[in-house]
Amino acid sequence: MKGLTAFKEKATGVFGGLKPNMEKFEISQSYHGGHGGYEEMEGGDREGRGPGGGHAYDDDDDRPDSPASFEEIERPPLRKIDKYCKAECPCMPARYTIATMACVGFMIAFGMRCNMSAAKLKGEHNGTVFMNWTVAVESHVDSSFFWGYLVTQIPGGFIASKFPANKIFGLSIVSSATLHLFVPFAMTLMHGHVVICVRVLQGLFEGVTYPACHGIWRFWAPPMERSRLATLAFSGSYAGVVVGLPLSGLLADTVGYQAPFYAYGVFGIIWYMFWIWLCFENPRKHPAISIPELKYIEKSLGESAHPTMPSLKTTPWREMMRSMPVYAIIVANFCRSWNFYLLVLFQSSFLKHKFGFKVEEAGFVGSLPHLIMTTIVPFGGMLADHLRKNGILSTTNVRKLFNCGGFGMEGLFFLFVAHSSTATGAMFALTCGVAFSGFAISGYNVNHLDIAPRYASILMGLSNGIGTLAGIIVPYALDGLIQANPTGCWTTVFTLAACVHLVGCTFYGIFASGELQPWAEPPAEEQKVWAPPPGAITNTDPSQAGMLGDYMKETSFGAPEYTEQSQMQQSSAISYGATGHVANNPFAMASGAPPIAEEDVPPTYGEVTNPGQYGYTQGQMPSYDPQGYQQQ
């Protein structure tokens, strides 16, 4: 123990000479979060169980921290813009800032999909066939976006795994927004063939947005916050329709059919500037994230600091294709996409042709169901996390309840829409049906992270790609039907939509799962977790008194017993702290400090030989497992 005490005193003396060009923080071993979970580590007269009276992140107050707790956390260098304006939103944590920005990005992406329907309705309102397009050309224009969107779904999962997912997400939306500026000009060329090519390119770029978003949450979403963070981001797709339908109709009616395309193109470029300023690949690369939030995210996700990314060869395709929970997600995605694209592409036509709404009226009234759904989606995410976190329902039951309940109620209300004879009754039923479907997003749309978090972006690309087929089929299936009978076809349209949802509800209820699948387990080398070396925690430090008791002596099955002396004499050095790889580390260059070599990580861990000696009873001893520390 004297060696560690001398080493600590030496380190304390050296810390005074640190260079000021980087922020460096040493985390206390007993630290578990500041006031409210996000305050910096400062003392103060505050109430709570955390340092300085703050609230702890978890209930495991007596647990030793992870390797990150013992190493220096070196902040990344500031960019030029960070010197003038800090890369943070003062009112929310970093992970919720990213979720909010992703939500706005989806709003722009899905708002752009509403522009074409508003432009076509404006042409019809003037008593002419829009751009003199035939029914076939009009169907090609409507579905061409999804041709490209389908192609990049699965490749998008690998791209998001290989490259920083935040950059992929941002580039996909800004590229599509830039192309959107050229759509009005392309519409006037070659009878619609040029605009079809432009929309295919837009689809190619936007096809990676959902896989990339799942790639972001792989590093940013604590397990018990997956539903709320993912649904907050994905709610932008429905909020985009809420804003896009009335705004597109208003701009097309007051300015011209070109105005919505120019407006959303500019919106996308402005959003991208804020995205690259505020959003980063993972918490360690964020220059302004608070240390408590950084530690909370990393500890909740586990201690695999450098997980290997899946590749085409390492992805278990055969097992994935035999997994019924995967098919449950795919079928649910297709069914939801059918109804979603039905409303995005034809809801305004439904209100105009059946009930005589004007273009701008159809946009504003049609946005009401999506407005309600936008509020339901994040609420459903929080409710789902509450049920899981408090052990009220298992993850599997939560996913099935939310998905089947949402799908079933939407299908039922769509039957009312199909047989409604008044605009009030139709809009009431449509609003209720779309609102209930918001709960389904906390079912199938985050289920990838439950069954295979390692392959979540790939699974999202696969399921969303199949769902995109609905966006291709719907225009071809309905355009001719609407042209032939624009007033009386809607009973058939909404009855078919209700049947699609009921099929998805049944299939998901039977085959879905919320448990990690055997084929999605991480490799054995990534399941090794760190435990504090024997002798690293002592009673010599008064700050540790009452926290962990005396030194915890652990042995491994079939392995020699580790002691402080054997640790100091170890020849091989594998660094789990900051002594080997952090630039300008004072420990590595401290004169007179004895060299410290750390032991290899044992593959398994034994039991404490005499827990009573250190103030523990057998039931109180902490243990370590591959999913992170859990208090036994």
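Cβ atoms are placed via backbone N, Cα and C, with glycine included.
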Self-check item: transmembrane segment per TrEMBL - which of 143-167, 193-217
Solution: 193-217
Exercise. Among 95-116, 425-446, find the range that TrEMBL records as transmembrane segment.
Key: 425-446
Practice problem: Determine which recorded stretch among 168-187, 229-249, 326-350, 362-380, 490-511 has the most C-beta pairs below 8 angstroms with the transmembrane segment (401-419). | Solution: 490-511
Quiz item: What else in the chain is close to the transmembrane segment (229-249), if you only count residues 6 or more beyond its ends and a Cβ gap under 8 Å?
Solution: 95-96, 99-100, 102-115, 117-119, 121, 213-214, 217, 220-221, 260, 263-264, 343-344, 347-348, 359-360, 362-364, 366-367, 370-371, 373-374, 377-378, 380-381, 438, 441-442, 445-446, 449
